[in-house]
Amino acid sequence: MSLQVDAARLTHELQVLATFSAAPAPAVTRVVFTEPDRAARAYVRSLCTAAGLSLREDAVGNLFARWAGEDPSLPAVCTGSHIDAIPNAGMYDGTVGVLGALEAIRALQATGLRPRRSIELLMFTSEEPTRFGIGCLGSRLLSGLTDAGAASRLRDRDGATLDDARQAAGFTGTVADVALPPGQYTAFVELHIEQGPLLEQRGIGLGLVTAIAAPASLRVTIDGEGGHAGAVLMPARRDAFLAGAEIALAVEAAARSTDAIDTVATTGVCHVFPGAVNSVPSRCELEVDVRDIDEGRRDAVLARVETACVDVAARRRVSVTTQVVNADPPARCDAAVVDALTASCVDAGFACEPMISRAYHDALFMSRVAPTGMLFIPCRAGVSHRPDEYAAPEDIARGVHVLALALARLAS
Ligand code: GLV
Ligand code: MN
Ligand code: MN
């Protein structure tokens, strides 16, 4: 198959997509259902329509763009990723797997191929946990792991429910209908930047993911006693933030205690109430992220953090409540899909190597409902979730080329 990936077109589209942002360039902030997210969705829809794909959106805004195969009754081959971006992020996380998948479909269309199975681009809603505190919201619901009842209890920091937010964005369908019926897809493949340094360090252009690490997150709420920063004397204090600071250090210590390089933990959110320089913090809310490729070890870290919370609460005379927002199992990629990706690398003459994904992806949840694989491309210095995230056009084009070959193979 003589396949032409239009790297210049794809680079241009990634750059246009990056302009839909609540942060000044080069930073990208695109939180689900905010104005930049809605404008970015409209842009992606327009590109998919121009490529002749037929579009469908579900009740939470997952977008399905289908290139019909010769036999549309067969389970389709699915590919895709997300376009939402955490605060102060870069322009490649997720977007490469959406616009790259579209470019792969267009490159296949240009060869004159008519696939036997349909090929569907799936753009997932809210892979990032920024707004509702839980990652991979769209794919979780598609997989059926999270149900409509749990989704309806989600709220953002301003108290808006998921239902309020999705309906305001024009997604008014029934959340209970989002879960995919069994056997919908014969395979799912996600193209993504590595978000780590290994491919670049090893000089290898493509990584074939064999497993995805198990993510968990914890919300910790500390209630102490506020008061005047001048008048409340130190022995009388029940400072909620200082308790939170100790808990954040305990999170770090818990991750380090495993002595395993694969255990990581982060306290990435800390809200202090009332947030005035001359007021003792009365309340502190933390959001903690814990991951490991070993689920048991990850759970042991969560348990250590819970123990530390009890200890800090007693010593500092504050109340600490914890809520496990999610504690997901790791995923294994499907051998046949990995084989299809490997064969596609060989066909194209590109070197590749197997690897673990330490970041989570919608593929983690799609693996529950479809045989799943992931293709990684290098990103500069492994940097991600930062404005200086960068993937070279030739590396993106290589990933798109292999994705296209793999989609054709899986759809044949
Ligand atoms: C995905 O964005 C992750 O945090 O792994
Ligand atoms: Mn991300
Ligand atoms: Mn991502």
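A Cβ is built for glycine as well, from the same backbone N, Cα and C atoms used for every other residue.
Automatic prediction, not curation, is the source of TrEMBL annotations.
It should be emphasised that the depicted structure is a prediction, and the values quoted were computed from it without experimental measurement.
Neighbour list (His82 (Zn(2+) 1 binding site), Cβ cut-off 8 Å, at least 6 residues apart, same chain): Gly94, Gly97, Val98, Met123, Phe124, Thr125, Ser126, Glu127, Glu128, Gly138, Asp362. Feature annotation from TrEMBL assigns Zn(2+) 1 binding site to His82, Asp93, His192.
The Zn(2+) 2 binding site feature in TrEMBL is assigned to Asp93, Glu128, His385.
Per TrEMBL, the feature domain 'Peptidase M20 dimerisation' maps to 216-313.
DSSP gives Asp93 (Zn(2+) 1 binding site) a coil state; it is part of no helix or strand.
Figure note: comparing Cβ neighbours within 10 Å for the binding-site residues His192, His385, the maximum is reached by His192.
Within 10 Å of the C-beta of Glu128 (Zn(2+) 2 binding site) we count 23 further C-beta atoms, all protein chains included.
Taken through DSSP, the domain 'Peptidase M20 dimerisation' (216-313) splits into 39 helix, 34 strand, 25 coil. Long-range neighbours of Asp93 (Zn(2+) 1 binding site) (same chain, six or more residues apart, CB within less than 8 Å of its CB): Ala85, His192, Ile193, Gln195, Ser384, His385, Glu389.
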